[in-house]
């Protein structure tokens, strides 16, 4: 068994034998403490700096973010601890084919800024369900989608990041899992609740820098340990566990490990599925997912949003080099643990009989890095976990507040929405903690593939509805709802079948039904997209077309339509979410006047009460962005909403040139590694 010369030889009887019983050195602890102080300082600075007492200020960071924090936040929101653990684990187990998801994301994030975002800006939307409410009318589709988004966030994103973070924290630090994660969640929730999206974006920018420094450092150590890329290509195919059964194919490296495009029938990621089946969930994630779109909507203008997307697209090249290749290096250096093939030994090594490839990245951190740098990489993993959780907390809070709560209480004041949004973050924290035992009990042998298979069952119908709504004016509510429900039902059936008939281990016969065994999840994504597309088109053709209000400024072809009424009306109050669905904005002005009068009276009462408020109450109100400022409030409710799609010609030209360069780089990478 190959191991670091400085580490003690682990014994197979110890369930944590894969990691030496190291304790953090003082330098490691100092780095971790400095990191947490940095994050809290940046979070509190952005909390003081930005306006948090309006819907736009809290949920969209005031709409004045410049390109670089937007780009950093896009990358940090996407690359969580699940990426570090999952991508490196998939690289160790099956080679670099999983990189296709990252390269696919390059095109999708650029499509967001150049194609989808102009439609969202023209339509003046805060959330994705709100766009569908304006585009199709009614409440069936937005409510269904809001619930689905929250389901996906809580039970896939939070659970996956929790699992990945748990692997790193528990296995490497030997800390109490609940204590560590509760502490992380407490810090994460504090600046999310206090600062809103601005705090999340600024801390994401800091954490992106830390992630890149730490991950690039580990990449250098990894390649040095195996003799560079040539050494990796030679040694990877020899990386076999010494205790592997000689007559078994289990645990063997794949012959196509260094290729992205693989056999269309027998491989783990068939190339037609990569080209077509993978693109639909990728479009959902980058172009219609609240977590991602919310960051670009917070940009100052369309040019800054494009700049941020370009920055994220360039950064998406890095996961292959800082995650996938190091995962493959980990298999070369530690084959007995990372490449274990015997279920009993895997159970002893990492408490997972399905395989231990997911320990590849933390194994590298603890074995290769010297004192101090080990603490830096601990901070990197914590940064990845926290940046993902803050993104999910803020975006889920936005959806719940603006789409579900606003539907239940259409006359809710701005103050009430601010309180509800922050309380919902606390509920998410509670759900996250309660979800930890479920994550611990789940099988994580193929963490990243698990994420993508779930995505392929639930996301294609939603993506098709958005695409049809944005690019076909004839699409109506009945067609979109029919396609969405049929697609989700089919996806849920396949999801349930996958849970009932889990994939057998390598040494077991595959007795699953043919629809589960023979239809790859990427092929199922293609089938699901086609069924949804045909349903939406057919029902829309056979029913009445949408009204002009539901099309104007809400599709690609109508985004430049003239503005019918004053555009400041929607931004003055959250009420237009319910008003616009009926296409009768004439009645909105009286509603807004009523709401402002109502809130002014409530604020007068609150001002009278400030003399009796304790310091604790004042602190809580400050955290919630509702400190008293006098009776002249609220002029802040009339924040301007960006509706202009105009760009400075020189800036637009530079961005378009960068777009061509970025796409060319992506095509080259596809071709080189295909």
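Using the three backbone atoms N, Cα and C, a Cβ is placed for every residue, glycine included.
Per Swiss-Prot, topological domain 'Extracellular' is recorded for 1-27 (among others).
Feature annotation from Swiss-Prot assigns topological domain 'Cytoplasmic' to 49-56 (among others). On the 0 to 100 pLDDT scale, the topological domain 'Cytoplasmic' (49-56) averages 53 in this prediction.
Sequence annotations record features per position, and here Swiss-Prot assigns transmembrane segment to 57-77 (among others).
The topological domain 'Extracellular' annotation in Swiss-Prot covers 78-102 (among others) and is backed by sequence analysis. Taking Cβ pairs closer than 8 Å, the topological domain 'Extracellular' (78-102) reaches residues 157, 160-161, 163-165, 167-168, 211, 215, 236, 253-254, 256-260, 262, 267-269, 274, 278, 282, 292, 312, 316-317, 319-320, 323-328, 330-331, 338-339, 355, 357-362, 364, 380-381, 384-385, 387-389, 446-449, 451-452, 673 in its own chain, all 6 or more past its ends.
The transmembrane segment feature in Swiss-Prot is assigned to 103-123 (among others).
Look at the topological domain 'Cytoplasmic' (124-140): DSSP puts its residues at 10 helix, 0 strand, 7 coil. Annotation source Swiss-Prot lists topological domain 'Cytoplasmic' at 124-140 (among others).
Long-range contacts of the transmembrane segment (141-161) within the same chain: residues 80-82, 86, 127-130, 132-133, 289-291, 385, 388-389, 392, 395-396, 399-400, 403-404, 407, 428, 431-432, 435, 438-439, 442, 447, 450-451, 454-455, 458-459, 462, 465, 477, 480-481, 484-485, 488, each at least 6 residues beyond the stretch ends and with a Cβ under 8 Å from a Cβ of the stretch. The annotation transmembrane segment is assigned in Swiss-Prot to 141-161 (among others).
As annotated by Swiss-Prot, topological domain 'Extracellular' applies to 162-180 (among others).
Swiss-Prot lists 181-201 (among others) with the feature transmembrane segment.
The topological domain 'Cytoplasmic' annotation in Swiss-Prot covers 202-208 (among others). Counting only same-chain residues 6+ beyond the ends of the topological domain 'Cytoplasmic' (202-208), those with a CB under 8 A from a CB of the stretch are 38-39, 42-43, 45-46, 68-69, 72-73, 75-77, 191, 315, 383-384, 386-387, 390-391.
According to Swiss-Prot, the topological domain 'Extracellular' annotation covers 230-272 (among others).
What Swiss-Prot lists as transmembrane segment is 273-293 (among others), and the listing cites sequence analysis. Listed as Cβ neighbours of the transmembrane segment (273-293) (distance under 8 Å, sequence separation of 6 or more from its ends, same chain) are residues 74, 77-78, 97, 100-101, 104-105, 107-109, 111-112, 115-117, 120, 127-128, 149, 153, 157, 260-261, 264, 391-392, 395-396, 398-399, 452, 455-456, 459-460, 462-464, 466-467, 520-526, 529.
The feature topological domain 'Cytoplasmic' is assigned by Swiss-Prot to 294-308 (among others). DSSP places the residues of the topological domain 'Cytoplasmic' (294-308) in helix, strand and coil in these numbers: 11 helix, 1 strand, 3 coil.
Under the heading transmembrane segment, Swiss-Prot lists 309-329 (among others).
Note on the topological domain 'Extracellular' (330-374): DSSP counts are 30 helix, 0 strand, 15 coil. Residues or ranges marked as topological domain 'Extracellular' in Swiss-Prot: 330-374 (among others).
What Swiss-Prot lists as transmembrane segment is 375-397 (among others), and the listing cites sequence analysis. For the transmembrane segment (375-397), the residues of the chain that approach it from at least six positions outside its boundaries are 24-25, 27-32, 35, 39, 59, 73, 76-77, 79-84, 149-150, 153-154, 157-158, 161, 164-165, 168-169, 172-173, 184-185, 187-189, 191-192, 196-197, 199-200, 203-204, 207-208, 210-211, 213-215, 217-218, 290-291, 294, 362, 365, 369, 421-422, 424-425, 428-429, 432, judged by C-beta separation under 8 angstroms.
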Exercise for the section: Could you tell me whether the transmembrane segment (419-439) and the transmembrane segment (309-329) are in contact, taking contact to mean 3+ Cβ pairs under 8 Å with a sequence separation of 6 or more? Expected result: no
Fill in the blank from the handout: Same-chain residues at least 6 beyond the ends of the topological domain 'Cytoplasmic' (468-479) with CB under 8 Å of its CB atoms are 115-116, 119, 131-132, 135-138, 140-141, 533, 535-541, 543-546, 551, 554-558
